Ligand code: ATP
Ligand code: MG
């Protein structure tokens, strides 16, 4: 490679360069999808290091661990190239401090927690465990059987029940992340829970006490605790001095609390770089605040610099025309049209199919056809609104032996046997983590809920919980099995317990229990544990490993034995949310029908509908060359929270307006040949009303 071409700036356009070279005040790169925001951010990081910055003193915050890893690697490669070193694939990531807000918070807290009165060996619980904890606090206060006001429910009068633990947690989380008072959150988001205000206040206090007693933090606590560190003047000064610069990708999806943390780290914005796109804000449902990005310039006026980027380098113009048309329909959207030089290309397709089975076959057929044309499966993605919407496709792919990896949705970690193993480690490390103990103890045959509670209470009451565990007398029938667990715990609690070797010890303890509990598939479950061990081998610290696993778990795969090998080819399946920031040569989006996109799980408020529109925009703008929007005319939704299964009959999504239609090619493919049953399905298809204008209606009939 020519020496003189070795600059980070070489590939960049003038605006991108300006963003890389900008010095001094706070910087915002506000630009549409695929314009190179992430690339520019990586280049800026690389340039800083080339200018002599210490990578240890740069903090990079991204939306997922994967994104942090990629960005940090990309910056590392750029530095190597600029220095004329040969880049190797195995090059280490450039930044030691790169991760999600939550992961970075956890790392800082391991070191600094005692300074704000927290136990440094805290356990982090994921959302599912947090929900269980909330459920336990709810029971402790007697709210589980209460009416919405918190009084004992009178079953004869059938009044409304107190909100479920999951709802309580969602309300709690929204209060934390938006930093809004409970009354306001209830009035605007959960009006049907307004009567529960006082009981919820009490419950949230109990939840906080219970977590504190168990040295347990939920996701929201991590951010809150980080903010508390910054509220201590001495610690704030320490943290400000520790990171010279802070870089944030996907800034449009940060919430108030995260913005407050950034302000704590960089009060006048100097040394702060954020990039994002307001048209891609898709996390308001979880409390993200698009005002953070829209108000950035004003917040740091007059020091802030805003760099817009115009040109899209990802997609062909026909795909951008479609994306532009979708977002142009959003009320109040400023005309921010994406354009590119890549004008020679086919238009994206709107493909109407009979039902989800037909859709699954068509999508698989197309993926294979593209592969024949030279697009590897890995360069193709199938995107969908909700994790469960890929079920028919997963089945079809499995039937045809087409490998795939799924992002978003059911996680590896949610499997019971994985939770068992991790609970042993968590409990040994933090014996006050009651939820973990509750799970582990009951794995021992002969120990049920009553004995488990007795043991955990004894441990809670003791200043030395591990000693209390060793001294405990189990029911006689459980004695031998209990002794094995007690020995295991004693070994794991030793300071020199080997990592990741101790995982083998736990696995060996767990194996016979799994065999007993899951006679039909325990071998598959053990294979999962082995996979976990392989993942652990890559991580030198137990704490780091457990934290990352809890915050950003690995994806579920097509193959029970785990993540496909690195060089194997596989199709990508992803929720639209998890597809953020990524790109593929070919993209198919499932179920572009009303009820699904927009989802009828949303309450249908104007704000939520607009968020669904932006979600479609995010999906469309992931595609580089090929895009297909799939619309099954008979769509089968399973709604756990409503009335069980039901069918929805066919309107193509309301986001596919006439203006959007004008950018699409309409296809009504013949039913795939494998579909014996599909003819029947077609025959009993009812009158379909299509919202697409005469052209399509004619083609269909
Ligand atoms: P999103 O909003 O989806 O996150 P983005 O603005 O972060 O998109 P990137 O992912 O950084 O965009 O870039 C999109 C694609 O365009 C990438 O493949 C990137 O390598 C390419 N790209 C960006 N800038 C340039 C450039 N100046 N020259 C060539 N390719 C570029
Ligand atoms: Mg990006």
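Here the Cβ of each residue, glycine as well, is placed from N, Cα and C on the backbone.
It should be emphasised that the depicted structure is a prediction, and the values quoted were computed from it without experimental measurement.
TrEMBL annotations:
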BINDING   31, 32, 33, 34, 35, 36, 37, 38  ATP binding site
DOMAIN    10-316  domain 'UvrD-like helicase ATP-binding'
DOMAIN    317-581  domain 'UvrD-like helicase C-terminal'
Worksheet item: In sequence order, what residues of the same chain, 6+ apart, have a Cβ less than 8 Å from the Cβ of residue 38 (ATP binding site)?
Response: 67, 71, 249, 275, 581
Worksheet item: Do you know which of the binding-site residues 31, 32, 33, 34, 37, 38 end up with C-beta under 6 Å from ligand 2?
Response: 37, 38
Discussion item. If the criterion is a C-beta within less than 6 angstroms of any ligand 1 atom, which of the binding-site residues 32, 34, 38 pass it? List them in sequence order.
Written reply: 34, 38
Item to complete: Mind giving me a neighbour count for residue 31 (ATP binding site)? Other Cβ atoms within 10 Å of its Cβ, every protein chain shown.
Response: 26
Worksheet item: With a radius of 8 angstroms around the mean position of the C-beta atoms of 31, 32, 33, 34, 35, 36, 37, 38, what other residues of the same chain does the ATP site pick up?
Response: 277, 309, 312, 313, 314
Worksheet item: What residues, ordered by sequence, lie under 8 A Cβ-to-Cβ from residue 35 (ATP binding site) and sit at least six positions away in the same chain?
Response: 309, 310, 311, 312, 313, 338
Worksheet entry | Same-chain residues at least 6 apart in sequence whose Cβ lies under 8 Å from residue 34 (ATP binding site) | 312, 313, 314, 315, 338, 583, 621
Discussion item. I'd like the number of other C-beta atoms within 10 A of the C-beta of residue 33 (ATP binding site), please.
Written reply: 23
Worksheet item: When a 10 Å sphere is centred on the Cβ of residue 32 (ATP binding site), how many other Cβ atoms does it contain?
Response: 25
